[in-house]
Amino acid sequence: MAEEAAVRAQAETVRRLKQDKADPDEIAKEVAKLLEMKAQLGGDEGKHKFVLKTPKGTRDYSPKQMAIRERVFNAIITCFKRHGAEVIDTPVFELKETLTGKYGEDSKLIYDLKDQGGELLSLRYDLTVPFARYLAMNKITNIKRYHIAKVYRRDNPAMTRGRYREFYQCDFDIAGQFDPMIPDAECLKIVHEILSDLQLGDFLIKVNDRRILDGMFAVCGVPDSKFRTICSSVDKLDKMPWEEVRSEMVGEKGLSPEAADHIGEYVQLHGGLDLIERLLQDPKLSQNKLAKEGLGDMKLLFEYLTLFGITGKISFDLSLARGLDYYTGVIFEAVLLQQENDHVEDPVSVGSVAGGGRYDGLVGMFDPKGRKVPCVGVSIGIERIFSILEQRVEASEEKIRTTETQVLVASAQKKLLEERLKLISELWDAGIKAEVLYKKNPKLLNQLQYCEDTGIPLVAIVGEQELKDGVIKLRVVATREEVNVRRESLVEEIRMRTTQP
């Protein structure tokens, strides 16, 4: 038919335009034309093939993946609670104006929503800006909180590297007026505890200070108006060699080659207290008020980190910039290291798994009277950590339990469904995690096999003789050992045998 031929020709036009990466507006126009032609053709109801996939940059999580995920969340929450944090939650979307102008060059990645009831809304980009809004709105001047929730980035993500459009952040923040560097040191200790606890391998926590960076830019001859954009170039040094970063500064961002070379002398330095001492004596930096303040606080920070016993994993690194606009003082980033082979001196970084810093001005941006609430916080990169652990479990073929069931209530003979249901109800009421197979007369072998498959450690077997004797046969799945337990002692026996050491 002529109409069908026309539709096929139009579909080919659309395909070719997409292949040639034509102007998106032109593609959209031709797609609309194609849909209109298809609608006119009609008779296609029911033939449309529905594509079953998750949206780009998102994923589903299977029970096995969720079991690994929950293990990670529990370790992180345990650490946050150990440090005395309270928990809050905020809406998944905010007023657009709340998020605007807080993220520097990354603002283009904010997901804007359509006008809803007269409000322009955006999906939250992180948990820090909503936290600052929450503090200002509720006039809170002092809180230590954690918040674990999903955030959204309109990115083109490399999902293989643990980057997504929808992902969880695990944030810990301390807000309030305190003596310098004590809360900052605790945030670094928390990162150290979590990464050590999760046993992800060797890691390094890089530390710098926005004031040191700004002071360095000033003495190197960077104009004030270019501080933030040059800062975002420096932030790429973990992914690009200095030569490429330098050419971006000079070629794309219009910085003088002399200023870029001066910056190069500093940003390739990293070390510990010795480097801080050296820079405090630096003839240029020591004359800059901001840099001197930052270096003084950095020295204090390293003294506290020494007391916490974690300086072995901390590096003062002048190339660390962290692109977000709201940082005002100490900034830090934790990276996992991978030793390529025994002959390599410096281990290579396999990506950032935590980051954070001090942001003393953010709450004041929301407060009508501009009242400032100093804040410092850390965000744990759960997705990347999860990707690493998932790959490790796959490689080791470790069996992951996806339930926490302690006991399966089984029967040895037929016609004992009522007895099984009575017993499982007693166990549930006593807080025991128990299951029963949904068959009237399951075979004992099938019930035992179910425990093998799912990792349930115990089977409580109801039998005619046991019912007469007032006992339940308790079977240990791993060793096949069986003991008769008085019904009234069963709950205690199950608890004793399934309590984690």
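Our numbering is plain: 1 for the first residue shown, then up by one each step along the chain.
Glycine is no exception: its Cβ is also placed from the backbone N, Cα and C atoms.
Within the listed segments 1-22, 265-286, 331-352, TrEMBL records region 'Disordered' for the stretch 1-22. Annotation for Arg322 (L-histidine binding site): same-chain Cβ neighbours under 8 Å, separated by at least 6 residues, are Asp235, Ile331, Glu333, Gly355, Gly357. Within the compositional bias 'Basic and acidic residues' (13-22), the DSSP-based counts of helix, strand and coil residues read 7 helix, 0 strand, 3 coil. For Gln169 (L-histidine binding site), the same-chain residues that are 6 or more apart in sequence and have a Cβ closer than 8 Å to its Cβ are Asp126, Leu127, His147, Ile148, Ala149, Lys150, Val151, Ser379, Ile380, Gly381, Ile382.
The DSSP breakdown of the domain 'WHEP-TRS' (1-55) into helical (H, G, I), extended (E, B) and coil residues amounts to 36 helix, 0 strand, 19 coil.
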